[in-house]
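Take a look at the structure below.
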Ligand code: 1GP
């Protein structure tokens, strides 16, 4: 099941805390994207996650949960993506929450479905940066060094460059891409049209498209075509 992610080039990330109509959800799920990731930084609950999962399950594509809150972990996803924020001094977000989760729920964790994401958060305005106290003032060399910790020291399957809300520095994305040996490079943040999608997809293995689904559906759908042809 975990091998699923190796073929993903395009993923839509949907936020359970945001309203999405049936027609929009259908268009997103039938768009040709490789998977839907369900998650968000704030306002994610068990109830709104169950609700969104059950609506996405009408369609055949893979649906994974990005775990941000222990109380909101819902059974029935294809995989569970667990972020570890690398560029924070606050260990809560590296392994504190993780320890708590394993202590409380370890006996029922489906380890074969867990995929760890080494996250580097680079947009200081994003909710996730504020929440985790991420150090966003990193030069390319430092970002690449964090990426190599994930890839070569920790052997994580995914390195996620997170610019949520703003289109990132593609030079940094390319530099990180060159420094990775085995991790798959996910890029997310500020992709709002086909050109940005194509540029980000040329620099990373997998692109994640979020907000534009809620702001401009047509442009969101164009990002799929730009990557998947
Ligand atoms: C957010 O990386 C994703 O976690 C996507 O970002 O919402 O800016 O597209 P956007």
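Heads up, residue numbers simply count up from 1 along the chain you see.
Every residue, even glycine, has its Cβ placed from backbone N, Cα and C.
As recorded in TrEMBL:
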{"type": "BINDING", "residues": "13, 160, 161, 162, 163, 164, 165, 190, 210, 211", "note": "sn-glycerol 1-phosphate binding site"}
{"type": "BINDING", "residues": "15, 41", "note": "Mg(2+) binding site"}
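Known features from TrEMBL, placed on the structure.
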residue	record	Cβ within 10 Å
13	sn-glycerol 1-phosphate binding site	19
15	Mg(2+) binding site	21
41	Mg(2+) binding site	18
161	sn-glycerol 1-phosphate binding site	27
163	sn-glycerol 1-phosphate binding site	24
165	sn-glycerol 1-phosphate binding site	16
210	sn-glycerol 1-phosphate binding site	23
Exercise for the section: With the Cβ under 6 Å from ligand 1 as the test, give me the qualifying entries from the binding-site residues 15, 41, 161, 163, 210. Expected result: 210
Fill in the blank from the handout: What remains of the binding-site residues 161, 163, 165, 210 once a 10 Å Cα-Cα cut-off to residue 15 (Mg(2+) binding site) is applied is 210
Problem - Inter-residue C-alpha distance, residue 210 (sn-glycerol 1-phosphate binding site) and residue 41 (Mg(2+) binding site) (nearest angstrom) - result: 12
Practice task
Between residue 161 (sn-glycerol 1-phosphate binding site) and residue 41 (Mg(2+) binding site), find the distance joining the two CA atoms and give it rounded to the nearest Å.
Solution key: 15
Completion exercise
As a whole number of Å, the Cα atom of residue 13 (sn-glycerol 1-phosphate binding site) is distant from the Cα atom of residue 41 (Mg(2+) binding site) by 12
